[in-house]
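Reviewing the structure listed below.
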């Protein structure tokens, strides 16, 4: 089917039917898969969804790249500027289930079209916020969360209806690789446009223009696949249930999510408290706490994988302990990043940290673990599928140990890096740090910059 074929692309927004199928394959036309989407069009669909996800995270982090200018423009405190992200996340979080409900019942392509169009218009409107109306910027950022929720909850399900097994894993990895890249680009593009234009408002006008291109590609390239078609479970054979029945069924699969939420709160809180207490004894407290968290999490995560088949209770206990220790470094790492970098370079440093952490972590790890699992599997049986994936997941524990070793190495340099950032002087030559020296002053010695005593 050609990309401009109108069949099904005019499906009504509230239509529950997938886009139409034709009884045969016309001459010169590529045979479609059980999803109702040709192979080439499926690849183009993933490319379009990747592009939109890239814009999604670019927009999300553009504000962070120009946040100091926003604070100066409105004359607000750090607490009020933090509300911009809080309002966005709250609307995104609260409305995601609503769009999940709609996405399971109505045409997903049209829901995304409306959502992305709305998100682009609201983002553009936020760039015209007057100086005395910070509340309007808060309102528009909250509305941006509405648009992003309409896309983020639905796009992965379209990929799931286009591919199965290993191909699905690969395509989802491509889709989610947009998270680190888009986040980093958001910082870089936002701050760069702000500097070039001399006005932070222009930074918020980049993604809306790119969003218009996304709407056009979504309209003419993406086709709604048949739900469950590639899994030999076509949509007309699947029984629809009420939203309450859906939630009741899903709640049985949420134990791991609940454990993760609880351990995340406990880990972040305990890491902060232990680090604060240990700082009274040593300036190397932060990397030492991060190292301890990773090294302690490794054996518990390893045991959780080992007991996965024999004891569900033991598995959840070890997961609880492992994730708690693993979460101890989240807030501390952000703090370290801020105090070892001078204020004028923190946005760029944060961008690199986001890109590198995702590139070395969740961007490629699902695919690598899948490859290792496939290489270990000797026959296509349930037992071998379980065993091969179980062994491949054990790599995560060893990576945690390596990470702990890097944090121990960081502890050797953290004091010097922090002192250089605290005493940095832009007046010196590039790469030169104006280290303080001790000179006498009124009968006492005091530390002053080198440049203040040079003639």
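Backbone N, Cα and C define each Cβ position, glycine as well.
Feature list (source: TrEMBL):
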type     : residues : note
DOMAIN   : 45-455   : domain 'Major facilitator superfamily (MFS) profile'
REGION   : 1-37     : region 'Disordered'
TRANSMEM : 83-103   : transmembrane segment
TRANSMEM : 110-129  : transmembrane segment
TRANSMEM : 170-190  : transmembrane segment
TRANSMEM : 202-222  : transmembrane segment
TRANSMEM : 254-275  : transmembrane segment
TRANSMEM : 287-308  : transmembrane segment
TRANSMEM : 314-342  : transmembrane segment
TRANSMEM : 349-369  : transmembrane segment
TRANSMEM : 389-414  : transmembrane segment
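In this chain, the transmembrane segment (170-190) lies out of contact with the transmembrane segment (254-275); the count of Cβ pairs under 8 Å, excluding pairs fewer than 6 apart in sequence, is fewer than 3.
Remote same-chain partners of the transmembrane segment (389-414), defined as residues 6 or more beyond its termini with a Cβ less than 8 Å from a stretch Cβ, comprise 283-284, 286-288, 290-295, 297-299, 301-302, 305, 308-309, 326, 329, 336, 340, 365, 369-370, 372-373, 376.
The list of residues near the transmembrane segment (110-129) in space but at least 6 beyond its ends in sequence, with Cβ under 8 angstroms from a Cβ of it, reads 11-13, 52, 59, 99, 102-103, 136-137, 140-141, 143-144, 146-151, 154-155, 201-205, 207-208, 211-212, 214-215, 218-219.
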